[in-house]
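Colleague: Found this in TrEMBL, in case it helps:
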{"type": "ACT_SITE", "residues": "47", "note": "active site, proton acceptor"}
{"type": "ACT_SITE", "residues": "198", "note": "active site, proton donor"}
{"type": "BINDING", "residues": "22, 78, 155, 156, 157, 158, 198, 199, 200, 220, 221", "note": "substrate binding site"}
{"type": "BINDING", "residues": "45, 47, 78, 198", "note": "divalent metal cation binding site"}
Ligand code: DX5
Ligand code: ZN
């Protein structure tokens, strides 16, 4: 699978902020062209929706595999589906697989699925909808490689950013820095739990999310509605860096982001 990178070649060579365009906002009739158009991205975000867990249907494994054939970038699979225990392992050839906390019975089931995904060789992410508390995930952060905080109700691109979810991001940042330390010597994110945000991220909203401690920023319409997707990605990254601003360098979470 071309998108599958060995751990030593993945995020470790990169520097936060990571920008992950969502192909949900691409033109599916020209998917290859629209993947090529985001070559400045760090990851490609792949939104799988089943029409049950969310009131929208997007695409499944064959399309994700087609995307992987078109790019060398890591595929960041966001599964908005019921019964992830059944389906998520099929995505284990991709760089990361994120399922929803609301789609499994409880935190023990989430941990079990994360362990299955890790054992299958991918990174295990857990996502929480805007109204889902973060406490249980916080208490078991070591079990996950990423927490995806939804900043809109999942299902559709182009919705308005919900700033209130940043409270959860701050709590995650603080806990992650407690566990793994604020400083990192080797620039490697592997082994640390990354914090990702998804929904309504734009040039206007990204700095506030960065300031709260986000590592990975998903952006659909902000990238694909722009005249130049790569220019939009550059601008998002620049504004996120400004959110990790030098003035804040001594604060709770930011030292770990100066990598
Ligand atoms: C929404 C998806 C998002 C979506 C983001 O449920 O998970 O990834 O594509 O789109 P924007 O950036 O337009 O909010
Ligand atoms: Zn998504």
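Using the three backbone atoms N, Cα and C, a Cβ is placed for every residue, glycine included.
Whatever TrEMBL says is automated annotation, not expert-curated.
Tell me what's around each of these sites.
Modeller: In the three-state DSSP reading, residue 47 (active site, proton acceptor) counts as strand.
The DSSP secondary structure for residue 198 (active site, proton donor) is strand. Residue 198 (active site, proton donor): 25 other CB atoms within 10 A of its CB, across all protein chains.
Around the Cβ of residue 200 (substrate binding site), 25 further Cβ atoms fall within 10 Å across all displayed protein chains.
Within 10 Å of the C-beta atom of residue 47 (active site, proton acceptor) sit 25 other C-beta atoms, taking all shown protein chains into account.
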Colleague: Please state whether DSSP places residue 157 (substrate binding site) in a helix, a strand or coil.
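Modeller: DSSP call for residue 157 (substrate binding site): coil, neither helix nor strand.
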Colleague: Got a sec? Which of 47, 78, 200, the recorded positions, have CB under 6 Å of any ligand 2 atom?
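Modeller: 47, 78, by Cβ distance under 6 Å.
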